[in-house]
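Straight from TrEMBL, the features:
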type: TRANSMEM; residues: 24-43; note: transmembrane segment
type: TRANSMEM; residues: 63-84; note: transmembrane segment
type: TRANSMEM; residues: 96-114; note: transmembrane segment
type: TRANSMEM; residues: 134-152; note: transmembrane segment
type: TRANSMEM; residues: 173-193; note: transmembrane segment
type: TRANSMEM; residues: 221-239; note: transmembrane segment
type: TRANSMEM; residues: 281-301; note: transmembrane segment
type: TRANSMEM; residues: 329-350; note: transmembrane segment
type: TRANSMEM; residues: 362-382; note: transmembrane segment
type: TRANSMEM; residues: 402-426; note: transmembrane segment
type: TRANSMEM; residues: 438-459; note: transmembrane segment
type: TRANSMEM; residues: 471-492; note: transmembrane segment
């Protein structure tokens, strides 16, 4: 390897033993926390944008609120990863951060759900119009929620890597379970968000300042908090961090003896990590960045594409747009179901076709084809437009609907790999380089949040440059996915299949 790392001695590889059932259950329990986290994310994607406009935030400014996710992810995950790598708490390295993240989610959900009520009690008027105090409460809660979710996800994945003991196969299995539970959370979140009478379970949620839609959102968040706190409490109670790798234990003891301070400040560690990254990690960051440039246009505009381009509706123009949004929500539900089944098949398929990096590369081309096919579905929808006797535009034909929903469902296949393989590879490469799992996963997160910020800022102007609509962004996504697939197949190194390093190797701290 480069940058001062020792050469890998083939004789130092030991055949990986099957994962003990007790260790497997610990991995599953930690991975299940992802269901609680993703339940909240699904609610954000499906319900919060209309809620934002209900509070009086103009539509053109609503998209900027979503920037808090990538901004907080860019800062919080590396910070939390760094400090969790060096934490000397008697409760463990990762568990205190996971517990703190779950507590912050509870606070954030309270602020978001009760924003209208708190705003009204502070002087906001009832009815339509801007509610500045409610908006202020909502924005604070939304930022806290994104910070909390990032506090949870990084340490959870790092704890999974710790429980895997540096073994490549176990890391891939652990991240596959994490991806599976993300799919479970998506399904539950989209299902809860689509049920319009959920507020009747919590009658107190409907108030003069909080209508039925608001009460449904509030009720969904109650369920989300209960699910997350239950899974987190169960996992942190059963899973202990008693055994650390010898090298990690020695490093932590040295830092504790030095007063808990590292020789290099945090941001120095981040820049040092980026400067001294081994070549496999740099290629992984590039492939991941291109991969997420492909995904984010779809994530941000999928239901809008279904409502506008497929159904022919217009924002605020009533029936067709609403029908398209509901059809898009159904597509996301199908996507999540496929994602769940595919997540459990990643390891098996990777072995069948010659490795997970090859699987990732091939499925990036599937992603590219699906993104390009949105153009075909749109053109089919435009050519088959039908009007009733009064000249009113009707919903698209069954063939167009099936074609669009099929794209949503098929995209669950490459999404399962995106949610698992890059994180597994980062854990494997960082383990081989002797670096901290938390910091390494935080650095990988930079390759996710930077594309998200780019798409959030430039996506709208880019689409307007070509006359509006969502297709220009989807075409960019198709090109980025193809480039990601080429780099994954030609430049990304293959990780060891069933081996564990038995010698300590130089890191990139």
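Note that Cβ sites are derived from N, Cα and C of the backbone, with glycine treated the same way.
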Stretch winning on C-beta pairs under 8 A with the transmembrane segment (438-459) (pool: 96-114, 221-239, 281-301, 329-350) is 281-301
Sequence-distant residues near the transmembrane segment (281-301) by C-beta distance (under 8 Å, 6 or more away from its ends) are 45, 63, 66, 360, 364, 367-368, 371, 411, 415, 418, 422, 425-426, 429-430, 433, 440, 443-444, 446-448, 450-452, 454-456, 459, 470, 473-474, 476-478, 480-481, 483-484, 487-488, 491-493, 508
Best-packed against the transmembrane segment (96-114), counting Cβ pairs under 8 Å over 24-43, 221-239, 329-350, 471-492, is stretch 221-239
With the cut-off at Cβ under 8 Å and a gap of six or more residues from its ends, the chain residues touching the transmembrane segment (329-350) are 42, 45-46, 169, 172-173, 176-177, 179-180, 182-184, 186-187, 190-191, 193-194, 302-303, 306, 356, 358-359, 404-405, 407-413, 415-417, 419-421
Given the transmembrane segment (362-382), its same-chain partners at Cβ distance under 8 Å and 6+ residues beyond its ends are 291, 294-295, 297-298, 305, 309-312, 353, 396, 399-400, 403-404, 407, 410-411, 413-414, 417, 470-471, 474-475, 477-479, 481-482, 484-485, 488-489
Given the transmembrane segment (471-492), its same-chain partners at Cβ distance under 8 Å and 6+ residues beyond its ends are 280, 283-284, 286-287, 290-291, 293-298, 301, 305, 309, 357-358, 360-365, 367-369, 371-372, 374-375, 378, 425, 455, 459, 462-463, 465
Across 63-84, 134-152, 221-239, 402-426, the most C-beta pairs under 8 Å with the transmembrane segment (173-193) come from 402-426
How about the transmembrane segment (134-152) with the transmembrane segment (24-43) - do they touch, taking at least 3 C-beta pairs under 8 Å (6 or more apart in sequence) as contact?
yes
